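These notes are about the structure you will find just below.
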């Protein structure tokens, strides 16, 4: 092969590589644009396991929660408060004052509220983050309340649930307890029950520092307070 032929072949290979690079570059840019578009739109749309979009239900959920938030800020239920937790629309922090004349009088009890994407067709998850001695509230703050279970309906809202919790604090339901030993004590030794409940109210619900410690314990699953202040039947004799 002559030198002229070699040079000609080299030039042809160079031109071919340049054409390939020109053709590939637009494809790479196109993929990058698609990836960027997906990232921008991802937060507003989610998909179920079947691949169907769940954007519409979530939008309805957001509209409903925004409406409730506006109402509860403008006209909060008596002895109750509620607002966003660190600006998260699906996560609220609420507070209920201990009813006057009850063993919780003088205390301020905080609650954590989480809304499912299907709200209001499913009830919110609500738990106490302030420790409370109550037969219908367990050590993790879970609440046994019919309106959060079988009696929940879309016509219910957070304000009504908070009022129901306030009523439950005024008068517990020992016939449907979460903590059986407290329910038994309530029925058989009311004086001792009330003494412990008032002590816990003073210890956990009457100072901000103690309330913050309780919230930290709840988030970390810390059961140290349970050991230091055992429920009836757990104390050593």
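Using the three backbone atoms N, Cα and C, a Cβ is placed for every residue, glycine included.
Heads up, TrEMBL stuff is auto-annotated, nobody curated it.
Look at TrEMBL and you will find 1-55 (among others) tagged as region 'Disordered'.
Annotated compositional bias 'Polar residues' per TrEMBL: 33-53 (among others), in sequence order.
What TrEMBL records for 60-206 is domain 'UBC core'. Within the domain 'UBC core' (60-206), the DSSP-based counts of helix, strand and coil residues read 55 helix, 31 strand, 61 coil.
Within its own chain, residue 144 (active site, glycyl thioester intermediate) has 136, 137, 173, 176, 177, 178 as residues 6 or more apart in sequence whose C-beta sits under 8 angstroms from its own. The active site, glycyl thioester intermediate annotation in TrEMBL covers 144.
Here TrEMBL flags 208-237 (among others) as region 'Disordered'.
According to TrEMBL, the feature compositional bias 'Basic and acidic residues' maps to 209-219.
If you look up TrEMBL, you'll see 221-237 (among others) marked as compositional bias 'Polar residues'.
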